[in-house]
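What follows is a single structure, written as structure tokens, with notes after it.
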Amino acid sequence: MIIYILFSLLAAVIVHLVYKKQTGFKLKGKHIVVVGGSSGIGKELVYELLKENIASISVISRSLDKLRSVVDDCPSEVCTKSTPLNVGSLKSKIEIYSCDITNKIKVKETIAQIVSKNQGGKIDCLINCAGFAIPGYFIEQDEEIFEKTMQLDYFGSLYATKEVVPLMIENGGQGGHIVFVSSTCGLVGVPGYSTYCPSKFALRGLAETLRSELKPYKITFSVVYPPDTDTPGYQQENLTKPEETVAISGGGKAVSPLEVAKSIVSGIKNGDYHIAYDVPTKLCAVLSPGLTPFYFSFFDILLAPICRLVGIIAMNQNDAEVLKSWKKRNQLKK
């Protein structure tokens, strides 16, 4: 045990000295595209980004009414602020585009519109924030729900990224930054989310692959793992969420989308690859790193065995909740 601890400490020190974190992304003066920015986390993210003296922000969503509300609902303390880059209302920096992101042709056309409208055609940062979930029991859900979830949560982000990456490569050697909003369900499998977890795991896999593949082009990445967040989508989820899923998720407690949005902006500026809001999710990120940058630098090595132990305990607790709910349902059938 002592040898293991000493070895871990030595490895941690070496990693701390050798490992180089990706450079933080400067938002000031940048053109940002937010996919899925008409409600929830995405909408709050638009307002938080406006505080960073960005040049402009293009918001993509399917509902035109919701897109208009992004402009109309902009908080006065944000959208009436004067900045060196834009004296007057910051509302003028918001551009809205109605698009069904599950349609790759429409996505291609929308990105082309955004490029043509912005001088120079630059897109400096892409934030993929669209997604939804329909919780339920695997044996009771139709295959169409799995397909629909994957189409929006994964392919919607893929289509936008596929169009934006070539623009970033041609961005005069400046590269860019791409954010994928995954979920805590993209780090661990949660009973009741068999339609949702695979789509969020897929985003992690895409980001992990592109982080290395596009490194020569100075394109950096962040993956966000929000916990349950009090959004319109979350309220809809609760209509079909199994009892054990509620218990495993913390009894139905949800965090503010504003707080999650703030953590995303902070993570982008800090150069964080993994962006998590709460401690449990951060520990899950340490437990499931893949071939990605460290979360806590050398502390990742020290925390790994502890996180694994906590993970086993959590797994057993989840299994107990599932069994408890299963027995309860069977009793009601009698």
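In case you wondered, yes, glycine gets a Cβ from its N, Cα and C as well.
Straight from Swiss-Prot, the features:
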- 1-20: signal peptide (SIGNAL)
- GLY36, SER38, SER39, GLY40, ARG62, LYS66, ASP100, ILE101: NADPH binding site (BINDING)
- 36-40: motif 'GXSXG' (MOTIF)
- SER182: active site, proton donor (ACT_SITE)
- TYR196: active site, proton acceptor (ACT_SITE)
- LYS200: active site, lowers pKa of active site Tyr (ACT_SITE)
**Q.** the residue listed as 'active site, lowers pKa of active site Tyr' and ARG62 (NADPH binding site), Cα-Cα, nearest whole angstrom
**A.** 20
Q: Within 10 Å of each Cβ, count the other Cβ atoms, then let me know which of the recorded positions LYS66, LYS200 comes out lowest.
A: LYS66
**Q.** Using Cα positions only, nearest of the active-site residues to SER38 (NADPH binding site) (SER182, TYR196, LYS200)
**A.** SER182
Q: Give the distance between the Cα atoms of ASP100 (NADPH binding site) and TYR196 (active site, proton acceptor), rounded to the nearest whole Å.
A: 19
Q. If we check Cα distances from TYR196 (active site, proton acceptor), which of the recorded positions GLY36, SER39, SER182 wins as closest?
A. SER182
Q | Count of other CB atoms lying within 10 Å of the CB belonging to the residue listed as 'active site, proton acceptor' | A | 25
Q. For the motif 'GXSXG' (36-40), DSSP counts of helix, strand and coil?
A. 1 helix, 0 strand, 4 coil
Q: Could you round the CA separation between ILE101 (NADPH binding site) and LYS200 (active site, lowers pKa of active site Tyr) to a whole angstrom and send it over?
A: 16
**Q.** SER182 (active site, proton donor) to LYS200 (active site, lowers pKa of active site Tyr) - Cα separation in whole Å
**A.** 5
Q. Cα of LYS66 (NADPH binding site) to Cα of the residue listed as 'active site, lowers pKa of active site Tyr': how many Å, rounded?
A. 24
(Q) Given a 10 Å Cβ-Cβ cut-off, pick out the one of the recorded positions SER38, SER39, SER182 that has the most other Cβ atoms nearby. (A) SER182
Q | the residue listed as 'active site, lowers pKa of active site Tyr' versus binding-site residues GLY36, SER39, GLY40 - nearest by Cα | A | GLY36
Q | Structural state of LYS66 (NADPH binding site), classified by DSSP into three states | A | helix
Q: Report the same-chain neighbours of GLY36 (NADPH binding site): residues 6+ apart in sequence with Cβ closer than 8 Å to its Cβ, ordered by sequence.
A: GLY42, ILE60, SER61, ILE101, ASN128, CYS129, ALA130, GLY131, GLY156, VAL181
**Q.** Distant-in-sequence Cβ neighbours of GLY40 (NADPH binding site), under 8 Å, six or more positions away
**A.** THR229, THR231, PRO232, GLY233, TYR234, PRO257
